[in-house]
Amino acid sequence: MVNANFLNATKSVITFTGARPGERYECYNTKTFDDHGIWQELNPLDLALPIFLSQLIIITSINRLLVLLLKPLRQPPIVAEILAGVVLGPSGMGHFRKQLPFFDSIFSVSGVMLLETLGNIGLIYFLFLLGLEMDLTRVVQMGRKAITIAVAGTIFPFGVGLALHHLLVHDYKKFSYASSMLWSVPLTVTGLPVIAVILAKLKLLYSDVGKIAMSSALVNEVFSWSLLTISVSMATNQQSVHWALLSTIAFIFFCVFAIRPAIIWMICRTQKGNEDYSETTVCMILTGVLACGLTTDVLGINSMVGAFMFGLVIPNELLGHRFVEVLQGFVSDLLMPIYYTISGFRTDFFAVKLKVSSWLVVGQVFGLACLSKLVTVLTVSFFYDMPFREGLALAVLMNTKGLLSIISINLGRDHLVLEDEEFTIMLVSILLMTIGTVPVISYVYKPAKRFLPNKHRAIQRLKPNTELRILACVHEMHNVAGITNLLEASNATKRNPICVFALQLIQLTGHGATALLMVHTIPKSDSQSSRTGAQTQSDQIITAFETLEKECSGVSVLPLTAMSSYTTMHEDICSIAEDKRVSIIILPFHKRQTIHNKMEDTNPAYKDVNDNVLSNAPCSVGILIDRGFGTSSAIMDSEPATRRIAMIYIGGSDDREALAYAWRMAGHPAATLTVIRFIPGDDVQSTDDHFSEPVKRVDDNFINEFRQYTSRDESILYSEKVVNNGVETIGAVRSVGENFDLYVVGRGIGRLSSLTVGLADDWSECPELGAIGDLLMSSDFSSTASVLVVQQYAGGTRHRSGMPDGFNHD
């Protein structure tokens, strides 16, 4: 019980003095809200809720402004969020509290307490997600190089940190092993999520350095968590460290051998078939996060350790995707920026003595901390015969700091083992290390594109008996069925095989912990799926393409997962297409069919991705509008043809590429192809440009070769329709009929034809599909057939005739 004498009582705070000299206590009695508002002359800033909302508005506004200012420098979000706190804290606006009464009333001590509490709750749930997404089996599977770099980059900097702390603490009465540990851990940590964001922004996730850096950072993360747990135990229980460590070990065993089996049992019992998990299950898990945090807090460990361990022991394949969906946006985009801002808010440059020697200490700490890891990683990279620039880039990346560094110094300050001056020095060093990563990497590491010349950038150019390489892109599970059925219908044989690069596209969030380009090997058995009883969406996508490979002897599949923001996702797609030397990229349309046969938007960002790929693709592109293609057909070689494909041909390079693909699909034993060519009539108004005659000759030659090679094939039909204008073209398309499963058409952008004049302006809903593709997709067209819109690579064979290859009917 505090022996205190009453000093002062106001509306919002009661101040006491303690029994010992200098002791001072404040008790806050702020109301949360008031129903009367300003109409009864009440000051809203005397109430907790208006203050909190004002704080959120100010923090978010400054944070977004700094993000925009730092965008040209391609800095990770954590930099802007910490700097926002520095601007608001005692190093910035907080230093002028007396001159800014409005600011002082909003960011008072009592107001910041509520903000800090919310930030810590966000930290607890973020660490739960971090543990949930972390796969420790990957650490075991890491190569020797990544493990060696991680271990060496952990041990040596940790020793340097201990030595630095000994040198900086002049009063040895204040020295403690806990402060040494919490001083050294931030210098040891490599920020895995921050590295992932930086590599994604620099488009280096696919590089050798990027892969090694991500692997080494993951191993470093495991070591750093172990060191941080020990440090927290020592800082919290300086008089009984051994009991805290034993409690930590006991809690870990309890999580592994009690909590994990109980959660697996509960999920397997409540899940029915493929139905989603119940809300009760989700609420129990979310409550379990807080319960584990409370347990470790009671045991003398910080609550974050319990939340992280709880996430770590939950099988990711069971609940990972669901909880990322539930929590990721709210926690990462709202709560975590508050935590980082509070960390910056605690920074006080004026606490560092205004002497040259004091700021030289900052430079020494920053320099030695950087050098310790740079020298260590460079030495190991030389040992593995890495080029100097790659080794230097890797060393700089391993110096990047992140969440664990911020947690360490915050814990040190909370437990009074780090003073304000030490806290500021450490935070400035962490910021400088992270800020310097992007410009240094951009300067020292510019990997040369070692792409082989690709002569097969279009299907029309493929030689006979040549492998067709396709990059199939999917965003979500509902994209998979149509694309896999299209790939199966592409007539893969042993003589004309197809190599499919199945690329799952996932949006990269600013604080994501799993931003890896993961190359999945195809499992040889289904044992993993049967063990878990459930699969994540990513697993289901991989399994679908694995099934395609097993059922089609001429198809080989390599699943890939790429994570980036939607604004730069097309760069990843085009880079992989160039690297893998594919002939065509297949993209899902941004709309999907409803049960009422209408088309509805899934995600508007998908349309932007498609538009950017169409403008920048290094090969041909196909956009699939899936209305259930192949789902009702029996695809067995022994059965009669069931896939009815129609190709509408007007002319131009895109139409030739579309016909080349349709021609290939016609070789499938369970497919028929009907080609309808629209020919200008006598009454047509000549609006074609001066390239029309050369283009017409190329089209005629290509059609003649097609008819010559397919004249005896009863599964391929050819007909011509005479039209004079756009209105007649619409009528001709509608007269084709509804007895088809798939329409294959050319995009025709840039093609000036009298047969499509007015369609793009008067009828267009989705201009990226071209005139005919947009017409077939529109709600005015009653057909329920799927549509494949094809664009030929601009550097391909726009004026080249010749037989498309690989269409032999084996």
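For all residues, glycine too, the Cβ spot is worked out from N, Cα and C.
What TrEMBL says about a protein is an automatic prediction, not a curated fact.
Checking TrEMBL for transmembrane segment across the ranges 78-96, 496-514, 572-590 points to 78-96. Confidence across the domain 'Cation/H(+) antiporter C-terminal' (645-795), taken as the mean pLDDT and rounded to a whole number, stands at 82. Just going by CB pairs under 8 A, the stretch in 78-96, 146-168, 241-263 that sits most against the transmembrane segment (212-235) is 146-168. Using a cut-off of 8 Å between Cβ atoms, the transmembrane segment (78-96) and the transmembrane segment (47-66) share at least three residue pairs, counting only pairs 6 or more apart in sequence. Long-range Cβ contacts of the transmembrane segment (284-314) within its own chain (Cβ-Cβ under 8 Å, at least 6 residues beyond either end) map to 120, 123-125, 127-134, 136, 225, 229, 232-233, 236-237, 240, 243-244, 247-248, 251-252, 255-256, 259-260, 263, 266, 320, 323, 407, 411.
Remote same-chain residues near the transmembrane segment (180-200) are listed as 74, 76-78, 130, 150, 153-154, 157-162, 164-166, 210, 213-214, 216-218, 220-221, 223-224, 227-228, 230-231, 234-235, 369, 372-373, 397-406, 408-409, 411-412, 415, 417-418, 422, 426, 429-430, 434, 437-438, 441, 508, 510-516, 563-565, 568 (criterion: CB distance under 8 Å, separation of at least six residues from the stretch ends). Of the ranges 146-168, 241-263, 391-411, 423-445, the one with the most Cβ pairs under 8 Å to the transmembrane segment (108-134) is 391-411.
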